Amino acid sequence: MGFRGGRPGGAVIDAKAQRAQNAAAPHVPDLGRRVIALFRPYAARLTLTALLVVVASALAVIPALIIERIFDDALFPPEGGPQLGLLTELVIVMIALFLVSSGLNVLQTWLTSSVGNRITGDLRMKLFAHLQHMELGFFTRTKTGVIQSRLQNDVGGVAGVLTNTLTSILGNVVTVIASLVAMLLIDWRLTIIAVILLPLLAVIQRRVGQVRARIAAQTQESLSQLTAITQETLSVSGILLAKSFNRQRAEEDRYAVETANQVRLQVRQTMSGQWFFGVVTVLMSSVPAVIYLVAGLLLAGGSTDITAGVIVAFTTVQARLLWPLISLMRVALDVQTSRALFARIFEYLDLEPAFTDAADASSVDRAPGPIGRVEFRGVGFRYPGASPESRPTLDGVSFTVEPGQHVAFVGPSGAGKTTILYLTPRMYDASEGSVRFAGADVRELTQESIIDHIGIVSQETYLFHATIRENLRYAKPDATEDELVAACRAANIHHVVEGFEDGYDTVVGERGYRLSGGEKQRIAIARVLLKDPPVLLLDEATSALDTVSERVVQEALDAASRGRTTLTIAHRLSTVLDADVIHVVDGGRIVESGTHDELLSAEGLYAELAAEQLAATRVLRAEERLAGRRAE
Ligand code: ATP
């Protein structure tokens, strides 16, 4: 395998394992407390919001109380005709209250929306930053789409809850309390009749919430699978693979199965609880009818304090109770549902990187040895998850590369060459022995300072869907135009870039697909040259190129490695010839070391590989000559 910038698309095979791992909402201790902690930085704004909500909601109930006076004192006073003066005053007060209350509502909506969206932004940013520090192994194990889905769909899913919940709870609780107080003031007996079923409804609501949380976890998981399929199949590599194997129909089927699952779950999630709200609505809407009946019974029983005003005011206030109550129940359901989403987010936030910098880690500049020295001392390594009984990927690997030396690693496929390069900048930690940089164990150094001194050119060149200039400046954001040109000249690519209509402003396309393999590699080499690191790790991909491109890329690599410590995975003898030392890797061990001539005369594995390659090269050259003759 090559020294890759990342695995494009991710594996399809681990889908089942991944799904099983994610199917239920993960258990996250202290979830409620941690969600509340998200609000802490916005305490001042939230207090102001709460104040506005309380005032607006309380104000909104007063008009209902005024109704009683309108009926009993202004429209139908006990004596005389309608009291127009009083009526006008009461109507003006009522309208003024509505105006103030909706003005406050607008202000409060702005405040909550800004707080809610900021918290969502904070959460997304926290998650993104956390994932940036996860080790490489996490990304080789996890589908890219699944990671993206947590950032997009799960964080997006809680956005609504963060924005609406608090105001909705506050506003509705205040309305409900104010309405209940008003109802009690009007008539306590009717109030009992109106609220008798509420405790039962609260219990049922809790059960519904639990079911919905479970469905929500499944919905989010299905959504992440959909994102993963999209990411895998609708990328350039994915679509190329599907087209070249005529698998588009199969990919459609795979997408159709997950889409159907998603549709089913979304409908289930929406519908779970609808019957409950149906019952609540019927019950609450029937209350006025029951009130009329009870009022009639009370009147028939000789009650004197039930007037038309009392009945109208009571039913008006009670009607105001209906929607806040239903909203509160819906919010409670949303909060329960969102627990599943928050749990998925916190689960990722709680992921511990396999290793981090030691507390007393120092910078490479303070390391005891010369910068540029790389040393492996008895290094053994197993990839995370590999069984302890299996053969280790690296076993007792020891070598030293002095500053400025060129060292090549050769050996059969799967021997462990790439793994050696991974361990040098501490992409993984050695299981045994130590990897040393500038005379210090890499575990005693900050990883950032190690990476600052290392340039990596991998087999699979990763370019962003941006201009050539932007891709180059990734290595050095403040690089001048002259520096860009100088790097590209040294990497043998400047003349090619100049030939493009848009020059350095040419957009390279998704992952650089608009460039040829050799051009992409040379851009990547120019990018490393801009970084100008003392140590270079090269995974030569020249084997994939024809002889002319190979020569051009080789020249670029030679230019890049001049004056730097260079560790190269060599696939062609041409590179190895110049190396100060060649290490032959086989089965995770260094089995031979020496110069080209020394190793040839040792007649070991290297001599075998060299003979094989010589024969292969002869065939290749003959084929190229034949192709050239045919073309003539
Ligand atoms: P090639 O010349 O084909 O690129 P290589 O010598 O560079 O091969 P490595 O890529 O270092 O070989 O792989 C060494 C062994 O480790 C192989 O058996 C490979 O299957 C295994 N391996 C590589 N990456 C991982 C990983 N992320 N998880 C588990 N095993 C891995």
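Cβ atoms here come from the backbone N, Cα and C positions, even for glycine.
Automatic, uncurated: that is what TrEMBL annotation is.
Look at TrEMBL and you will find 48-337 tagged as domain 'ABC transmembrane type-1'.
Taken from TrEMBL, the feature domain 'ABC transporter' applies to 374-612.
The annotation transmembrane segment is assigned in TrEMBL to 42-66 (among others).
The transmembrane segment annotation in TrEMBL covers 86-107 (among others).
Taken from TrEMBL, the feature transmembrane segment applies to 158-182 (among others). Long-range contacts of the transmembrane segment (158-182) within its own chain (CB-CB distance under 8 A, at least 6 residues past either end) are made by residues 38-39, 46, 49-50, 53-54, 56-58, 60-61, 64-65, 108-109, 112-113, 115-117, 119-120, 123, 191, 195, 317-318, 320-321, 324-325, 327-328, 331, 334-335, 338, 341-342, 345.
What TrEMBL lists as transmembrane segment is 188-204 (among others).
The transmembrane segment annotation in TrEMBL covers 275-300 (among others).
Beyond the transmembrane segment (275-300), the same-chain residues lying 6 or more positions past its ends with a Cβ under 8 Å from any Cβ of the stretch are 189-190, 193-194, 197, 201, 204-205, 208, 306, 310-311, 314-315, 318-319, 321-322, 325-326, 329-330.
Among residues of the same chain six or more beyond the transmembrane segment (188-204), those with a C-beta under 8 A of the stretch's C-beta atoms are 180, 276, 280, 283, 287, 290-291, 294-295, 298, 314, 318, 321, 325, 329.
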